[in-house]
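Per Swiss-Prot, the features are as follows:
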TRANSIT   1-26  transit peptide
REGION    30-49  region 'Disordered'
BINDING   54, 55, 56, 57, 62, 63, 72, 184, 185, 186, 187, 188, 208  ATP binding site
MOD_RES   128  phosphoserine
MOD_RES   205  N6-succinyllysine
MOD_RES   224  N6-succinyllysine
């Protein structure tokens, strides 16, 4: 996966000015790209297309944005991988949402871009980061506040909750509930990194608000589509 390898792919020396994430993909390859460690070579006459596979991760190690090699099951990569999974789930939900004409599809795409920034921040563990690394991967509070505004906008249009609801309410709503569950898992992967001082607390805040946003728009989609949300009922034996 290349989510955390932007710096490794381009090289750090003389290239930090290029270390901004581009929506919806990195300037190198996005999270669908190959393994880590491959560096783009200067073009001589014709541009060469880099290979998807590089074999540099065959021994079970990957590189962080700082260039540090860690096992692939390291907490950093667990967090990065789960946020990538979340973005993929949101991409699937977005297709269903778009088919139904929901206007918040544009917000979902923007959230995918935000998750790229989250991945970049997570892939820059502070224990091995220099100031230049942190400068280009800092995750600010702005996205958190934007999510809160969106949540308030849709919540004001929804009927109040009077019981626990089950993931339901049509395809769009159910897909968004699935995204919410993945988001909660991503948050659980990030919290230990925040507690260890390896990443910014704003990352955990963002994922926390994002799960609330996904819950809210799942209900909103069900309401707009006229689909009924299923209510939890205690099973009596």
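Just so it is clear, glycine is given a Cβ too, placed from its N, Cα and C backbone atoms.
When Cβ atoms from all protein chains are considered, those within 10 Å of residue 56 (ATP binding site) total 17, not counting its own. Of all residue pairs in 54, 55, 56, 57, 62, 63, 72, 184, 185, 186, 187, 188, 208, the annotated binders of ATP, the farthest apart have Cα atoms separated by 36 Å. Distance from the CA of residue 128 (phosphoserine) to the CA of residue 72 (ATP binding site) is 17 Å. Counting only residues at least six positions away in the same chain, the Cβ atoms of 204, 207, 208, 211 sit under 8 Å from the Cβ of residue 187 (ATP binding site). Cα to Cα, residue 54 (ATP binding site) and the residue listed as 'phosphoserine' are separated by 24 Å.
The local packing around residue 54 (ATP binding site), expressed as other Cβ atoms within 10 Å of its Cβ over all shown chains, amounts to 16.
In sequence order, 141, 144 constitute the residues six or more apart from residue 205 (N6-succinyllysine) in its chain with CB-CB distances below 8 Å. Neighbour counts of Cβ atoms within 10 Å were compared for the recorded positions 62, 128, 208, and the top value is held by 62. Its own atom aside, the Cβ of residue 185 (ATP binding site) has 16 Cβ atoms within 10 angstroms in the protein chains shown.
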